[in-house]
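Written below as structure tokens is the structure these notes are about.
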Amino acid sequence: MMISSTILSLVLHAAVGTAVPSTLHNRESSTTAKIDSGIIVGTSAVEPDSQATVIKYLGVPFGAPPERFKPPRRPDPWTSPYDASNYKPACIQKFDYPEPMRNLTMQWFSSPPSPAGESEDCLNLNVFVPASKGSSPKPVMFWLFGGAFSFGTGSLPAYDGTSFAANQDVIVVTSNYRTNVFGFPGSPELSRSEQNLGWLDQRLALDWVQRNIAALGGDPGKVTIVGESAGAGSVDALVTAPPQPVPFRAAIMQSGQASISVENNSSAVSWQKLTKLANCAESSALKCLGALPVDQLRDLVERQSLPFFPVHDGGVTFADKPRVDRLRSSSTGSSIARVPVMIGTNAEEGLTFVYGKNDSRKFLQDSLPNANALTINLALGLYPKGTRQTQDGFHQLGLIDTEITMQCPARALARDNQKVDIQTWRYYFEASFPNTEIFDHSGAWHSSEIRLIFGTYPREGATALQVDLSRRMQTAWANFIKDPQKGPGWAQSPSVAFIGKAARDTGNGQNAKAASDPIVSGSALYLDRRCFLLDGAYDKLSGV
């Protein structure tokens with residue numbers, strides 16, 4: 001979601017023209033734990049399907065209340081037990097106007113919303129701990145949400161880790177981080193190392209896990225970082241510009257990456273516009289905007305739809321040429337974390353990004369003002385109408401966006417890893433269910449896999465195949481988290497796992513009958529038949 005339109009434009013042109021001691025034996029019965037900041041008191045819940053108990057520590061501070069536009073710092077210790085039985089606020093979110101698209105964005109990606117509202121005091125995380133007995137520390141899934149670096153929170157109901165923890169015996173951590181102007185301000189008054197505040201937040205949260213997860217029954221040496229969309233880009237940034245020592249042993253990227261990207265100056269441009277809108281002097285804009293009431297500041301960036309994204313910072317949080325660094329890495333020397341990777345995309349990712357656009361020719365002409373008629377014709381000719389995924393102009397555009405900004409970059413990253421002997425598994429999610437569609441024929445839309453993985457899909461109207469697929473996906477993700485060297489249960493790249501192909505919507509609201517196995521490994525040659533046309537464009541974009 002970070003640079004979809006930019007990549008679409010450029011690529012089409014190029015293509016067609018030290019831990020706290022653990023007390024494991026008490027973990028089954030106690031909702032109280034001692035971490036380095038003090039005592040936390042959580043709550044417990046019984047997962048209805050498995051009847052297993054999960055201990056939940058919600059809204060635990062991993063950072064002090066942040067000062068606006070400043071890097072995060074560790075929280076001060078507390079002397080009284082901290083109530084971790086309820087979620088705490090999300091960070092300030094940005095949902096851009098105009099009103100119709102703003103409402104749809106909230107409906108699709110933030111509904112139901114964060115239960116505790118929003119605040120600048122938001123550096124908290126949630127930990128879901130299986131209460132099962134055992135003498136060995138448990139592996140950890142560290143989740144980073146998506147949201148175009150504009151919105152999102154670790155406390156969305158979709159990210160409730162109860163089911164995953166209960167069914168897979170894995171500790172789940174979901175963390176907040178600052179987004180939009182609060183997380184990626186683009187101010188020239190900030191040093192280069194302080195531009196990506198939201199990514200510094202993520203690193204502080206990972207540091208909290210390393211220091212404290214043992215006290216909750218987890219193994220700090222068995223952490224897998226997992227993210228979707230902007231969260232997947234964040235995971236890739238952590239892999240290619242890792243903290244030292246590396247605080248994770250594996251990575252999962254769902255519908256996103258950061259290695260094929262462009263130098264994005266939108267944050268700097270947006271900061272300049274915001275400075276003028278707020279009547280601040282450029283020389284003291286940081287102080288002026290820092291003193292602005294939070295609702296006023298948010299309203300300015302939302303109504304003007306001002307984008308704020310991460311910027312390359314020399315490897316503090318974002319390598320200047322992450323793809324080059326990956327291709328130069330080896331077992332004897334590497335600036336990246338050479339950890340096993342699982343990466344995948346959804347069949348209809350692009351539909352939410354081109355929603356309401358039905359004239360594919362006009363859309364491409366508007367997006368590519370310098371393209372001639374031949375270029376447009378060639379682009380459209382690669383995606384002829386009449387297939388299941390290109391039934392009309394809207395779906396045709398959706399497939400173009402899906403492949404150029406999501407699927408083909410995932411293929412490229414997997415191929416890059418193969419070249420330098422980094423274990424990589426790839427998936428392609430195709431499932432569509434009537435009770436999770438966001439509009440007619442939305443298919444496997446962007447982020448639709450998340451609720452199946454977390455087990456938070458709606459139970460009302462759920463089919464037997466949906467229930468089975470959710471459990472199988474949970475198990476595959478957990479297999480990778482528990483033993484990244486063995487992988488999720490299918491063949492490594494260049495093969496790809498087709499997930500949920502039997503659950504494709506037939507167009508009349510019904511689903512196909514369950515296959516014997518809803519996750520099938522196979523060749524990616526036909527799936528990626530157009531991607532090789534984009535290789536040169538991706539090489540140019542990423543400096544290879």
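Glycine is treated like the rest: Cβ placed from N, Cα and C.
Note that the structure is predicted; figures quoted are calculated from it, not measured.
Lifted from TrEMBL, the feature list:
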- 1-19: signal peptide (SIGNAL)
- 31-483: domain 'Carboxylesterase type B' (DOMAIN)
- Ser229: active site, acyl-ester intermediate (ACT_SITE)
- Glu349: active site, charge relay system (ACT_SITE)
- His446: active site, charge relay system (ACT_SITE)
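Feature annotations (TrEMBL) mapped to structure.
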residue : record                               : Cβ neighbours (10 Å)
Ser229  : active site, acyl-ester intermediate : 26
Glu349  : active site, charge relay system     : 28
His446  : active site, charge relay system     : 30
- Query: Given the model, what does the mean pLDDT over the domain 'Carboxylesterase type B' (31-483) come out as?
  - Reply: 95
- Task: Calculate the distance in Å between the alpha carbons (Cα) of the residue listed as 'active site, acyl-ester intermediate' and His446 (active site, charge relay system), and round it to a whole number.
- Result: 8
- Cα-Cα distance linking His446 (active site, charge relay system) and Glu349 (active site, charge relay system), given in Å to the nearest integer: 4
- Message: Using DSSP and collapsing to three states, where does His446 (active site, charge relay system) fall: helix, strand or coil?
- Response: coil
